[in-house]
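J.: Quick one: this structure, given as structure tokens, is what I'll be asking you about.
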């Protein structure tokens with residue numbers, strides 16, 4: 001019987017898709033009809049409900065109203081349409097927006113409510129939500145429901161939607177160290193994230209290759225660690241702009257400063273921070289991970305992370321902790337002496353000592369933290385509210401077994417392993433990402449409730465501003481729908497039709513999103 005209900009629901013979804021072909025991600029509940037209403041661009045407006053907690057002056061929604069009016073109709077004037085069918089003349093010139101709780105000057109967080117309802121019928125055109133963040137998601141859905149006839153008339157169908165995200169953390173990671181991404185590329189990415197209902201920008205700011213974050217506490221890190229200290233850095237103003245731009249789109253900024261590995265770019269600007277490597281009994285002239293044996297290391301980290309904690313308002317920081325190469329530590333006699341003094345018998349214990357000390361430092365600043373899975377694998381003692389991000393896809397531990405182990409230990413988990421978008425293969429590889437079920441591991445309902453979402457990751461070894469957009473979009477949309485929509489929304493044919501239309505909508509909005517199959521868009525990219 002359950003299988004029969006699922007089959008019927010998929011048939012219904014396919015039928016509805018004919019009326020809502022560009023809806024992405026698919027809502028939790030939707031009813032839509034052939035009855036349609038005309039939208040008049042010259043007169044259309046967004047308006048606050050008289051009882052809404054948010055009113056004019058709420059910058060989050062005021063700015064969103066301007067954005068979506070421009071996305072829908074542009075800035076030009078439109079002639080009044082003429083009709084042969086009287087049914088088409090019933091117009092909808094106002095979308096009324098009602099919010100229960102005004103959070104207009106706040107930042108979104110992991111607990112933010114994004115539910116909304118959208119009702120379009122003869123009597124009303126109403127978007128209702130508990131928060132401004134839910135209203136933002138509803139505005140995006142509304143914009144996708146509007147369509148234009150061959151004659152140039154805008155319509156919207158009679159529709160009822162009740163929608164909410166399946167997971168609260170739906171992220172995109174950008175790596176701005178291996179290749180510097182201009183500020184405009186980051187802001188453009190935030191725009192398209194909002195179109196896909198992503199709500200976390202995981203900013204992998206620094207790595208071995210470069211240190212583009214401009215630190216006001218340790219300016220030499222940027223001067224000596226960036227590719228170019230004038231053109232290839234993110235100033236304090238740049239960072240503030242990213243954070244505010246994201247906030248206005250309901251997106252959190254999760255900043256990552258990965259240590260003790262992935263820190264070679266830190267060395268030139270912070271003498272004594274990295275471990276000197278030895279070749280036999282002599283210094284080799286090279287450096288390895290952060291030196292965990294010196295008190296000065298922890299003084300430095302304490303000062304730097306105090307700054308970072310003040311710059312980035314989100315409760316969580318990402319502290320990395322992955323891929324620590326022990327070779328240099330093994331070669332260094334001072335490290336060996338420190339380990340002997342501490343009673344450490346292997347280098348995982350040394351790594352754990354460093355990470356545990358860093359976690360304690362960050363905790364003192366009233367921050368939570370996200371770490372890569374190695375921190376859990378190496379049995380570092382962490383707070384119960386730590387979030388573990390799973391990224392390793394290969395054996396010996398398959399990523400679903402890792403999810404099982406992490407949640408069994410009582411920790412919250414994020415999944416990224418199957419969603420590395422920098423890895424490209426010929427053909428519609430978005431389907432592989434779409435088919436991933438984040439809860440497809442053996443575990444109790446309590447374990448599965450600890451999976452709070454996941455992230456699509458775009459690492460930068462072979463990605464810069466020349467190929468970021470087409471490599472990211474619309475492929476990341478597969479992850480967006482998996483993290484937003486119901487676990488029953490899995491039909492590939494249904495997804496293909498909608499994603500094809502959504503890709504064309506992205507192109508219409510000026511996004512150079514790559515095609516997912518043979519075909520065309522009514523408005524091609526060079527025409528935008």
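Using the three backbone atoms N, Cα and C, a Cβ is placed for every residue, glycine included.
Swiss-Prot lists these features:
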- 1-22: signal peptide (SIGNAL)
- 58-104: disulfide bond (DISULFID)
- 115: N-linked glycosylation site (CARBOHYD)
- 157: N-linked glycosylation site (CARBOHYD)
- 277-328: disulfide bond (DISULFID)
- 295: N-linked glycosylation site (CARBOHYD)
- 323: active site, proton donor (ACT_SITE)
- 487: N-linked glycosylation site (CARBOHYD)
- 504-521: disulfide bond (DISULFID)
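Give me the local environment of each listed feature.
T.: Within the same chain, residues at least 6 positions away in sequence whose Cβ sits under 8 Å from that of residue 58 (disulfide bond) are 48, 102, 104, 132. According to DSSP, residue 58 (disulfide bond) sits in a coil region rather than a helix or strand.
Within 10 Å of the C-beta atom of residue 115 (N-linked glycosylation site) sit 17 other C-beta atoms, taking all shown protein chains into account.
Just so you know, the Cβ of residue 157 (N-linked glycosylation site) picks up 16 other Cβ atoms within 10 Å once every protein chain is counted.
DSSP assigns residue 277 (disulfide bond) to a strand in the three-state reduction. There are 17 other Cβ atoms within 10 Å of the Cβ belonging to residue 277 (disulfide bond).
Using a 10 Å Cβ-Cβ cutoff, residue 295 (N-linked glycosylation site) registers 7 neighbours. Following the DSSP three-state reduction, the secondary structure of residue 295 (N-linked glycosylation site) is helix.
Long-range Cβ contacts of residue 323 (active site, proton donor) within its own chain (separation 6+, distance under 8 Å): 261, 262, 374.
Neighbour count (other Cβ atoms within 10 Å of the Cβ, all protein chains): 11 for residue 487 (N-linked glycosylation site). For the recorded site, residue 487 (N-linked glycosylation site), the DSSP three-state label reads coil.
Packing around residue 521 (disulfide bond) is summarised by its Cβ count: 18 other Cβ atoms lie within 10 angstroms of its Cβ, all protein chains included.
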J.: Applying a 10 Å Cβ distance cut-off over all chains shown, what neighbour count does residue 328 (disulfide bond) have?
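T.: Taking every protein chain into account, the count is 20.
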J.: Of all the recorded positions given, namely 115, 157, 328, 487, 521, which is spatially nearest to residue 295 (N-linked glycosylation site) at the Cα level?
T.: 328
J.: Return only the integer: C-alpha distance in Å from residue 157 (N-linked glycosylation site) to residue 521 (disulfide bond).
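T.: Cα-Cα, rounded: 22 Å.
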J.: Do me a favour and check the Cα-Cα span between residue 328 (disulfide bond) and residue 521 (disulfide bond); whole Å is fine.
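T.: Just about 54 Å between their Cα atoms.
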J.: Please identify which of 104, 504 has the densest Cβ environment, defined as other Cβ atoms within 10 Å, among these disulfide-bonded residues.
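T.: For the disulfide-bonded residues 104, 504, the Cβ with the most other Cβ atoms within 10 Å is 504.
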